[in-house]
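K.L.:
Got a structure here, written out as structure tokens. Questions coming.
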Amino acid sequence: GSAMGQQPASVPQFCNSPTMIVMVGLPARGKTYISKKLTRYLNWIGVPTKVFNVGQYRREAVKTYKNFEFFKPDNEEAMRIRKACASAALKDVSAYFTKEHGQVAVFDATNTTRERRAIIISFAKERGYKVFFVESICEDPEIIAENIKQVKFGSPDYVDRDIDEAMEDFIQRIECYRANYMSIDDEKDRKLSYIKIFDVGSRYLVNRVQDHIQSRIVYYLMNIHVTPRSIYLSRHGESELNLSGRIGGDAGLSSRGQKYANALATFMRGQTIKDLKVWTSHMKRTIQTAEALGVQYEQWKALNEIDAGVCEEMTYEEIQENFPEEFALRDQDKYRYRYPKGESYEDLVHRLEPVIMELERQENVLVICHQAVMRCLLAYFLDKPADELPYLRCPLHTVLKLTPVAYGCKVESFFLNIEAVNTHRERPVNVNINRNPEEALHTVPDHI
Amino acid sequence: MTNCPTLIVLVGLPARGKTYISKKLTRYLNWIGVPTKEFNVGQYRRECLKIYKSFEFFRPDNEEGLKIRRQCAMAALNDVRQYLSVEGGQVAVFDATNTTRERRGTIVKFAEQNGFKVFFVESVCEDPDVIAQNIVQVKLGSPDYIHTNTEEAIEDFMKRIKCYESSYQPLDEVLDRDLSYIKIMDVGRRYLVNRVLDHIQSRIVYYLMNIHITPRSIYLCRHGESDLNIKGRIGGDSGLSARGKEFASRLRKFIQDQNIKDLKVWTSQMKRTIQTAECLGVPYEQWKSLNEIDAGVCEEMMYEEIQEHYPLEFALRDQDKYRYRYPKGESYEDLVQRLEPVIMELERQENVLVICHQAVMRCLLAYFLDKTADELPYLKCSLHSVLKLTPMAYGCKVESVCLGVEAVNTHRNRPEVGLISPPVSKTNRLCDFGLIYVDVSQKKKKS
């Protein structure tokens, strides 16, 4: 029998009422960047979150964007459309909470007038939703110009426009909002819960954090930055246990693994990175890999491979023989399945959260870790959902270089040309506990 | 974490919670493994002056007073330098009013000369109720007022605050925009955070934003006695014994009698804590982080068996019980790291009952009672007793409640012998040590 449905998450879920995060700020202040990033983080830690971008509703309502005149405060026709779009978005927020079990909705729009914010507040109050405002304030012209270049030129609004025209139009668009912009007021709005972010994070004002999730959100927002950098993710070099198809354990590198470590050193030197930090787990195979780099590295116990409990150091064949039912249950829900006396991917995400938080604070970092760990980290950066996470491909001897770009992450994959076993096991077709061994072992990769 | 040591500088008028924050922050940082020490300039002043007469000492026109106060601040800074540069400290908390830009400028210069980072923590509060409450809680009991009656003390202290008010220059958004600081307003309703430079400052800000001073109590207890407890075996995931179940039902009655407002109940994800909570008949939350320390290869063994199969490991553990990690298991140090989010959430919450395990409870208790890493693994956390912790003044009142249900004793005292690394030939001697301190109810102690 399966107690799968009853297995609780590793951490209590502290959300009771649904929460609306409401963005506030002039165009090109990073609202959408923050909305998407925050949503990605919350989903990764297990809080169902969705972004509602009112601009998208507007693009659906007004098929073709002509120019900034649409946004003029005296354009009544447009005002009506914009108000209708905001209402449609709010309606979808409500459906997300009541029908789709959402917990956090990020309402991404300028919301620059008190009037608009009042509508949202009363909407939320009527339905028992908590509201937390995130206002981004910035008057640095360089940052704003950079912003416009990075994300606005690629927007559907400007896709057929030449760059200078687009820039000119967008600047006029910002001016349309400026006259009526009322920042959250420290006196009048003292009962509201909010964070004001000044100048891309050099200063913050935080008011009335109500609960756990708002506290986590504030902590996250205060740790992210926009300084260009790259994060390199790699597994340890091939290990002795890898060669024999055994999972877990704490083995050292095979000779090919050692070759990889040297190749990694050469590769990283070739990248000529300023101030590279190197992180490993506490397990021999990552430490030995880092040693070859000849630079300082930091060990994190939190980066240790997933604990396979009673299955540690077994081959898949041995697991099938000794624990056929467990093996099937794992295939049924690989994300939430916890090895007896071991961990689940879900547990892994929870223990990796401080690593992610510190990765956000840092700049250039190389993380030398393990298959399951790397899948979790990759899922965070590439916004992969829980059901895809345990099947992400993280082969040995391959470095992934992640570079934040626009609203997402560019990924470059570098296989360093040293052969290694394949450790990737796809989900078999038959996950029934009554399946026969061949069906269970069908997708096991080759080993000695 | 950080390379440069960090100097945390408190700022604020008297009775704004600076010492409360200093002590609490210091306790938290030490618990998570960052060597931290506080330097309270008022204490230096008390040592210098011996007897406190009245608020007149603090008058801004009292030249003699100003000279002494400046000297005390310098002496404290000197000790800060000693702690951070010589003694290996990582964070020093400089607890004084530091209300003028001039004084803060002196400190910044001092820090620059010594290669310390500076982070200011300013507490601003104008709520007269909060200030009065503060004075009653901590000032009346201060050495300054120990021989003064309550009314006189309050009056004198209010005049003392006035002495600082006229020259108080709060951290300014514009003038001080290059400084790193957090300004805490109205006991945490609002915060202004400027230029957080690194990891430790980010953690400090997060901590300060999660603590509160609303009165509440935290109840700590272990699960009821388990079947493995009776057998003298460590770890595992067994259910409650009959006595354990009796404890759970008495716990239920105790909780009901305490009549606690909005009590939250937390357990681990192990059977024995869950079964205990089930008896209470109220909703509870499960934390995997509250699971007992993983004894790795020694899971479910008796101490005699560990001695037999892993005598060297057994001895190593006794040498440094805090940092020792069971093979394929955890150390107390690992436990503290995984309990940090639990502590953070305990700070946010109000009334909570935590039903956990021996090693876990020792870690949590060490946090609340400011016990060192050395003492932590030997704290007494017996089965079937409940500890009620109530924050009070600068610390924590502890009340131990015995619910009158017998249980085995699972406490193993620190062995008396010194910290010598045992060569293999001394195995026999280790046998003696190993068995002497096993204290299971049916066994007699060996002499």
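Note that the numbers count up from 1, one per residue, in the order the chain is shown.
Cβ from N, Cα, C; glycine included.
Where the annotation comes from TrEMBL, it is an automatic prediction and has not been curated.
Annotations for this protein, taken from TrEMBL, read as follows:
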- B:H223: active site, tele-phosphohistidine intermediate (ACT_SITE)
- B:E292: active site, proton donor/acceptor (ACT_SITE)
- B:R222, B:H223, B:G224, B:E225, B:S226, B:D227, B:L228, B:N229, B:R272: substrate binding site (BINDING)
- B:2-215: domain '6-phosphofructo-2-kinase' (DOMAIN)
K.L.:
What does DSSP say about B:S226 (substrate binding site): helix, strand or coil?
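P.N.:
Once the DSSP labels are grouped into three classes, B:S226 (substrate binding site) ends up as strand.
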K.L.:
Around the substrate site formed by B:R222, B:H223, B:G224, B:E225, B:S226, B:D227, B:L228, B:N229, B:R272, which additional residues qualify by having Cβ within 8 Å of the site's Cβ center?
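P.N.:
Going along the sequence, the neighbours appear as B:S238, B:G239, B:L240, B:S241, B:G244, B:L383.
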K.L.:
Under 8 Å between C-beta atoms and at least six apart in sequence, can you list the same-chain neighbours of the residue listed as 'active site, proton donor/acceptor', or say none if there are none?
P.N.:
B:G235, B:S268, B:M270, B:C356, B:H357, B:Q358, B:A359, B:V360
K.L.:
Can you give the mean pLDDT for the domain '6-phosphofructo-2-kinase' (B:2-215), rounded to a whole number?
P.N.:
95
K.L.:
Cβ-Cβ under 8 Å from B:L228 (substrate binding site), same chain, 6 or more residues apart: which ones?
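P.N.:
The answer is B:I234, B:G235, B:G236, B:S238, B:E300.
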K.L.:
Note down the number of other Cβ atoms within 10 Å of the Cβ of B:H223 (active site, tele-phosphohistidine intermediate), including every protein chain shown.
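P.N.:
Result for B:H223 (active site, tele-phosphohistidine intermediate): 30 neighbouring Cβ atoms inside 10 Å.
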K.L.:
If you draw a 10 Å sphere around the Cβ of B:R222 (substrate binding site), how many other Cβ atoms fall inside it, taking every protein chain shown into account?
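P.N.:
So the Cβ neighbour count for B:R222 (substrate binding site) comes to 28.
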K.L.:
Cβ-Cβ under 8 Å from B:G224 (substrate binding site), same chain, 6 or more residues apart: which ones?
P.N.:
B:L240, B:S241, B:R243, B:G244, B:K245, B:E246, B:F247, B:A248, B:L251, B:R272, B:Q275, B:T276, B:L383, B:H384, B:V405, B:A407
